[in-house]
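What follows is a single structure, written as structure tokens, with notes after it.
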Amino acid sequence: MPKASHQDLRRSFRALTSSNACFHTASVFDPMSARIAADLGFEVGILGGSVASLQVLAAPDFALITLSEFVEQATRIGRVAQLPVIADADHGYGNALNVMRTVVELERAGISALTIEDTLLPAQFGRKSTDLISTAEGVGKIRAALEARVDPEMSIFARTNAAIIPVQEAISRVQQYQAAGADGITIVGIRDFDHLAQISEGVTVPLMLVTYGNPELHDNARLAEMGVRVCVHGHAAYFAAIKATYDCLREQRQILGNESNMSATELTHTYTQPEDYVEWARKFMNVNE
């Protein structure tokens, strides 16, 4: 079977987002998971920023991974992927000029689409990690991303967090990112379908929702009807891999019992040691959360 080119995959992603259906992402974090996802029939995969941080650094999602490290992992995936892969490019690794560099590097890596979010990252001195940049700066980042793109088939999605801002502000941000030329809008923190209807009013570009498995948003037909073309439930496959690795190694060391009682979430917390980073942020950055 002939191998699809990066541009073929980008066209496939655009065909998905131009359809009337809602597609669910596979969490892909290395070349093997990308091949498995394609073989199982997933239409699209996503390389999460949080997962890349875990895979490359064994570190929590505190914007610690560098652009180079993220691109290296994306390149490994892009080398073998036979499904479109979305890159969660966080804040674009800096200001609008950094965003341009991010787009150039991820396009070369073979990514089909990427998201640029308006969270203030990395965490700033004395500021909450959930603070957002201004809408004007967010618009500038999207315009810069579009300027840097060489292959017009690659999709640029603007991302915002509806859970931490008033509805009217979320509506304004979404509409301004659309007006800036974003190929789509990614929204995190939608509570239910009424919330989605409010925020997506007037949006004509494709929507991507990050739901983390919210049971209030499980009606796929309704998601599709409301313009959602991509739904990200989270990264269960990656956390299942952590759990399986732990249990296998534990058994090899002949610790009594084939399986531990620790969940994947508990294992991730144990081995990424987030409390250290929280303490360092409090100690050196005056961040108390």
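Don't overthink the numbers, they just go from 1 along the chain as shown.
Cβ atoms are placed via backbone N, Cα and C, with glycine included.
Record features, source Swiss-Prot:
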- S50, R159, H235: substrate binding site (BINDING)
- D88: Mg(2+) binding site (BINDING)
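If you draw a 10 Å sphere around the CB of S50 (substrate binding site), it holds 19 other CB atoms from the protein chains shown. Within its own chain, R159 (substrate binding site) has T115, I116, E117, D118, I185, T186, I187, V188, M208 as residues 6 or more apart in sequence whose C-beta sits under 8 angstroms from its own. Between the CA atoms of S50 (substrate binding site) and D88 (Mg(2+) binding site) there is a gap of 9 Å, rounded to the nearest whole number. In the three-state DSSP classification, S50 (substrate binding site) falls within a helix.
Between the CA atoms of H235 (substrate binding site) and the residue listed as 'Mg(2+) binding site' there is a gap of 12 Å, rounded to the nearest whole number. On its own chain, D88 (Mg(2+) binding site) has I46, L47, G48, G49, S50, A52, L114, T115 as residues at least 6 apart in sequence with a Cβ closer than 8 Å to its own Cβ.
Other Cβ atoms within 10 Å of the Cβ of H235 (substrate binding site) number 22 in total over all chains.
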